[in-house]
Each structure stands twice: as structure tokens, then as C-alpha cells.
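Asks: The feature domain 'Glycosyltransferase family 28 N-terminal' is assigned by TrEMBL to 7-146. Look at TrEMBL and you will find Thr14, Gly15, Gly16, Asn128, Arg170, Ser204, Gln299 tagged as UDP-N-acetyl-alpha-D-glucosamine binding site. Residues or ranges marked as domain 'Glycosyl transferase family 28 C-terminal' in TrEMBL: 197-357.
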Amino acid sequence: MVQLRSVVLAGGGTGGHIYPLLAFADALRRHFPHIRITTLGSPKGMENQLIPAAGYDLRVIPAFQLPRSLNLDLLRTPDRMYRSAHAAGEIIDEVQAEVVVGFGGYVSVPAYLAAWRREMPIVIHEVNVPPGVANRMGMKFTKRIAVGFPHQLEQAESLRNARLVGVPLRTGITQMDRPALRPQALYHFGLRPDLPVLFVSGGSSGARTINLAVAAAAKRLAHAGIQVLHVQGGRNDPFDVPNDLPVPYVVVPYLSDMQLGYAAADLMLCRGGAITVAETTALGMPAIYVPYPFSNQEQRRNAIPVVEAGGGLLVDNSEMTPEWIERNIIPLARDRQRLAGMGHAAAAYGRRDGDEQLLRFVLEAVGR
Ligand SMILES: CC(=O)N[C@H]1[C@@H](OP(=O)(O)OP(=O)(O)OC[C@H]2O[C@@H](n3ccc(=O)[nH]c3=O)[C@H](O)[C@@H]2O)O[C@H](CO)[C@@H](O)[C@@H]1O
């Protein structure tokens, strides 16, 4: 087997690019305990909190504005992009990286460009359809593209020949025994063991529409005996919840131990971010998906195959109201049999070995 001594991982912006990078870093470390892992991030992205907290070396390179057109000529001009690529290249040289693996986000572009100039292997991991702008640019420099979901191969011409590896997920999630962790999770959040729990999370940044609709439905949910564990999200405003509810409604700003939320939950209400969908399905978590409406339908595309398999429901953002919650979520959250059926269907779609499969693909790239 190929041995790896030093890799550069690039990805940033929101959690959707950073958590798979971290999960992959963990897999590298499991297989190569002495490996040097260097991550590249941008000055303002969530990587500045998440990557150091996970114990990895984060190097921040200068930010730049990604152009709208994917024009190679632009990469030759001495602008901010060039400066960023130069900074990425210096780091690649310093750590003597053998491969660059990119997960998307603007910061990936200079890493791809610097690696291409050095004729190094580049591997791109992409989870969306259409692929993100940064990774689309990266595809000019490499044919080694890995994807997270089967529908991506069919729905994007540029991903037709990609390798389906799944999504690298944190082992805290993939190796979790939900029923075993549930009592501890309920205790941690101050939730009761005898009533169903609705777990609300709008992705790493949070989702305003979902937050406001659920908060406005707080009384109806509580009087129906449904507890709520509500993650506000990293970039969202606080919202008001009545403080005289008969059952717990717990609001947390952000969960670094997302597995505790999943363990406490009977039903999830979420957006359709790719990593969220990979996690809910890996865990067999019944979910109601409310795709973010302004991102090229990418979240709708993520949720549709799960919903078609019977693993959840799909709701338009415009329909996410307290009335919809009352009509649909309250009966579902109390129907244990229906939830169990949805959970099984979600699990049949989900996969847990994305980290190992991506590692295999990267080793092939380096070995060649
Ligand atoms: C609005 C937008 O453009 N969103 C995109 C963004 O979503 P976003 O950055 O929200 O990413 P996802 O929904 O895919 O994943 C969220 C990640 O954050 C974690 N988490 C979330 C909340 C919390 O409190 N704690 C926590 O750990 C989740 O467990 C998950 O690992 O990237 C995804 C992956 O490229 C895309 O599919 C989404 O379309």
C-alpha cells in the first residue's frame, strides 16, 4: 500500500465543506499515525473555529474574489488570486505535500492552482449538483473527482465519470449507537425520556424560515406533548420562545457534539445540505427536509432520492409555517411505527464509509 507522509487539505466557508475535510483528516490519521496534515482556510470562514478545535493545523491564506466566469486566462493574471495561489504554493512546498485534496469553498481554488503548477496529484471531493464554483474551477486541473451521492453522477455532465465514494462523516456520528447514547443525550439537554423529540437544525449557518416557523409553533407542539431541541445555527439571529411551556423546548446556539442532537431525536426538521442528508441517512434518522430555495436547487436534489426511498418528507420553504407544522409534524412525531419505517428507509439509502472510500481513491491518485 502507498504510504502518505504529508497532505494538504483545502476547504472552507461553511460546515458543509469543513466537516467532510475533518472526517477525512481523521481517516488519514487512523491509517498513517505519523502523517503531516495541513489544512488551508480563508480568513473569515467557519474553518477558523472548527479546524483548530479539532486539533488540526490551519493555515489561512489571503482571500480573493472568485470570478463569475471560469476562465483560465484569469488564473494567469497577477491579481489577488495569484497571491493566494502563491501563498498556497509556499505552504505546499514547506510541508512537502504529496497530494492536495479539496472539498470546495473559495479557498480550494488557489490550492488547486498551486498543486497543478507543481504537477502534483489533485483530488476533488464534491457533494452538490451543480458542483460548486470552486470545484468546477478545480476540474480544469484534475480528472480525479469523487462524489458523495449516486444522483450526482446522473445529474451533472461534469461529474459523469467521477468516483462515487460517499461523504466522509465524523466517526462520532458513523460509529454511534443511537439507542445506547439516547439516555445520556436526553439528560444532557434536559429533555424527558417519555415524550418524542423534534430536532431542528438548519445546517451549519442555521435557517431563519425554519427557526421562526418552529418557534411560532412552540405552544402547539408543547400541548401535543412534543419536545423540541432547536439549534439556532452559527449565523442566525436569536428568536423568542414562550417560557411557560408544559414540556421542554431547548434552544442551543450551535452544537459541536452534533451526535448528541441526533441521539436525542425521534424526528429531524432540517434543510437539505449535502452533509446533513449524508448524516441523517447514515444514522437512519427520519427527517423532514426544507431545502434552501436560493442555491440552484442543490438541496432539493439532495433530499429527493431519500424522500423517494421513503426516508423522509420534502417541504417547500414557502410552506414552512406553524400551520404546516401542526398539520404534519405533530401527527408524524407521535406515530412511532411510521417513524421507524422512515428510519429504515433512510438507513437503506445512507452509507457510512465515505472516509475510507475517499482515502482509497486518494491513495490510487498518489500511487500512479
Ligand atoms: C445555504 C447553502 O448554500 N448551504 C450549503 C452548505 O450547507 P451547510 O454548510 O449548512 O452544510 P450541510 O447542511 O451540508 O452540513 C452541515 C454540517 O454542520 C454540522 N452542524 C450543524 C449544526 C450544528 O449545530 N452543529 C454541526 O455540527 C452538521 O452535523 C453537518 O455536518 O454546504 C452544503 C455542502 O456543500 C450544501 O449542500 C448546502 O446547500
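Cβ atoms are placed via backbone N, Cα and C, with glycine included.
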Asks: Which binding-site residues among Gly15, Arg170, Ser204 have CB under 6 Å of ligand 1?
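Replies: Near ligand 1, sequence order: Gly15, Ser204.
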Asks: Near Asn128 (UDP-N-acetyl-alpha-D-glucosamine binding site), which residues of its own chain have a C-beta under 8 A away, given they sit six or more steps off in sequence?
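Replies: When sequence neighbours closer than 6 are ignored, Asn128 (UDP-N-acetyl-alpha-D-glucosamine binding site) has Gly104, Gln152, Ala274, Glu298, Arg301, Asn302 within Cβ distance under 8 Å.
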Asks: Near the Cβ of Ser204 (UDP-N-acetyl-alpha-D-glucosamine binding site), how many other Cβ atoms are there if near means within 10 Å?
Replies: 24
Asks: List the helix, strand and coil residue totals of the domain 'Glycosyltransferase family 28 N-terminal' (7-146) as derived from DSSP.
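Replies: When I sort the residues of the domain 'Glycosyltransferase family 28 N-terminal' (7-146) into the three classes, I find 60 helix, 25 strand, 55 coil.
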